[in-house]
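Notes to accompany the following structure.
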């Protein structure tokens, strides 16, 4: 019998973390982070990582497991997440994956075989050199020209994934998005996939407010600590919230410009996340626009998940 898994996805700042904790309390669950940046130590504020005193006693997994310059891939996430699903289920608890990194979550839930993808080391090195000389945006424009679907899914600053998509196109003549569609889409688990959304104006307002809160909480100092350690070429510091402040530390933009760029990049990322989840996974959507209705939404979503997975719930 397939193991049961609840999944909470959606754009940044929509309230996934808070709902994940509430759902875990209702359904006897443990949270697995489905965020590719929250795995890194020392990157707490910029990744909106849940604080220990906010967890309300709910175990959280796949947080703070890597140093910022340690490599981490979707393949490793797939392995770790699946192992955790088995461990949590064996304890009689419900695994609840919470996050916004769609490809990572999809890879864990579905029968994806990444080892089948072709590779060309020399071509990869050439693309890395191109990125170093012309910048991440130039590399992303190249991907847009041959595979606009993958370009929409992959952030321009995620150089490693942009290169991987270009590499697959180079080796196969097929866009990476088309190659992925040829992969098995068999769901390995009995899953209830919940998506959180909000009206655009409300979501963008929350994003802007959260950036201001991050700045007040010490994001500049957090990013500066990474900068002062000489961490410049790591995948981690290309994340939204750090790349923009690195430009400020380098003197290329003012602090106000960096903060405005951070807000804009976060809003664009939220839009890409929504598009991806709507097109790639069988999601049951819930509107979280009215923050005053959070408790009612917790009840509604708990009932949906409990019904879908045939669980006994504390409702």
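Each Cβ is built from the backbone N, Cα and C atoms, and glycine gets one as well.
Feature annotation (Swiss-Prot): of 31-34, 35-38, 39-42, 43-46, the stretch labelled region 'Interaction with substrate tRNA' is 35-38. Taking the centre of the Cβ atoms of 10, 11, 12, 13, 14, 15, 16, 17 as the ATP site, the nearby residues of that chain (Cβ within 8 Å, site residues left out) are 100, 196, 288.
Same-chain residues with CB within 8 A of the center of the 12, 13, 14, 15, 16, 17 CB atoms, the substrate site residues themselves not counted, are 10, 11, 18, 48, 100, 196. Counting only residues at least six positions away in the same chain, the Cβ atoms of 34, 35, 36, 37 sit under 8 Å from the Cβ of residue 101 (site 'Interaction with substrate tRNA'). Sorting the binding-site residues 11, 15 by the number of other Cβ atoms within 10 Å puts 11 first.
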